[in-house]
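Visitor: Here's a structure for you.
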C-alpha cells in the first residue's frame, strides 16, 4: 500500500514546484482586492455599515482615508478585466461597461488612529480597476463619476 502511494506523492510534490510563483502571487493580490473592496450583500449602507466593515476588513490601523465596497457578483467584477464587461481606461486600467452598486466610506477626520469614524456614500456607478492575469487587483478610488 505504501509503495503505491510513493509515485502519487512524488507527482504531487513535483507539481507544487512547477506552479509559477507569479500565479500564486496574482491570486493573493486578487484575494486582497476582494477583502478590501467586495461585499456582495451589504446590511445597510450607512455610516455604521462603513465603520463596522472597515474594522472587520482590518482597514483601520491607521484609519484608511477612503475605501469603496462593491456590491455585485465576483464574476461580473472579474468580467471587467476582459471585453465582456470592461473597456480600457487610461494606460493600465479598465472601466466597467455596467454600473455597480457601491458604498464609499470616507474617514470623517480626527485622529488617524482607531476608533475611526466614517461617512458612507451609497451609489450606483461604473468602477475602474487594475487587472493582472484576468483578475482585479486594484480599485481606483480617484474615479468618482456618478
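Yeah, the Cβs are placed from backbone N, Cα and C, and that goes for glycine too.
Take a look at what Swiss-Prot says about it:
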ACT_SITE  37  active site, proton acceptor
ACT_SITE  138  active site, proton donor
BINDING   45, 105, 127  tRNA binding site
DISULFID  50-105  disulfide bond
DISULFID  63-116  disulfide bond
DISULFID  81-131  disulfide bond
MOD_RES   25  pyrrolidone carboxylic acid
MOTIF     55-59  motif 'Nucleolar localization signal'
SIGNAL    1-24  signal peptide
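How buried are the listed features, and what sits near them?
Guide: For residue 37 (active site, proton acceptor), the count of additional Cβ atoms within 10 Å of its Cβ stands at 20 [all protein chains shown]. DSSP assigns residue 37 (active site, proton acceptor) to a helix in the three-state reduction.
In this structure, residue 138 (active site, proton donor) is part of a beta strand by DSSP. Counting every protein chain shown, 17 other Cβ atoms lie within 10 Å of the Cβ of residue 138 (active site, proton donor).
Note on residue 105 (tRNA binding site): other Cβ atoms within 10 Å of its Cβ, all shown chains, come to 24.
In the three-state DSSP classification, residue 50 (disulfide bond) falls within a helix. Listed in sequence order, 103, 105, 118, 119, 120 are the same-chain residues at least 6 apart in sequence whose CB falls under 8 Å from the CB of residue 50 (disulfide bond).
Cβ neighbours of residue 116 (disulfide bond) (same chain, under 8 Å, six or more residues apart in sequence): 51, 54, 55, 60, 63, 64, 107. Mapped onto three states, the DSSP output places residue 116 (disulfide bond) in coil.
Secondary structure at residue 81 (disulfide bond), as computed by DSSP, is helix. The Cβ of residue 81 (disulfide bond) has 20 neighbouring Cβ atoms from other residues within 10 Å, across all protein chains displayed.
Under 8 Å from some Cβ of the motif 'Nucleolar localization signal' (55-59) lie the Cβ atoms of residues 35-36, 67, 114, 116, all in the same chain and six or more residues away from its ends.
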Visitor: Mind tallying the motif 'Nucleolar localization signal' (55-59) by DSSP state, helix then strand then coil?
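Guide: Split into helix, strand and coil, the motif 'Nucleolar localization signal' (55-59) gives 2 helix, 0 strand, 3 coil.
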Visitor: Between residue 45 (tRNA binding site) and residue 37 (active site, proton acceptor), what is the CA-CA distance rounded to a whole number of Å?
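Guide: That comes out at 14 Å between the alpha carbons.
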Visitor: According to DSSP, folded down to helix, strand and coil, what is residue 127 (tRNA binding site)?
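Guide: Once the DSSP labels are grouped into three classes, residue 127 (tRNA binding site) ends up as coil.
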Visitor: Which recorded positions (81, 127, 131, 138) fall within 10 Å of residue 37 (active site, proton acceptor) by Cα distance?
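Guide: For residue 37 (active site, proton acceptor), the recorded positions whose Cα atoms are within 10 Å come to 138.
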Visitor: According to DSSP, does residue 105 (tRNA binding site) fall in a helix, a strand, or coil?
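Guide: Looking at the DSSP assignment, residue 105 (tRNA binding site) belongs to a strand.
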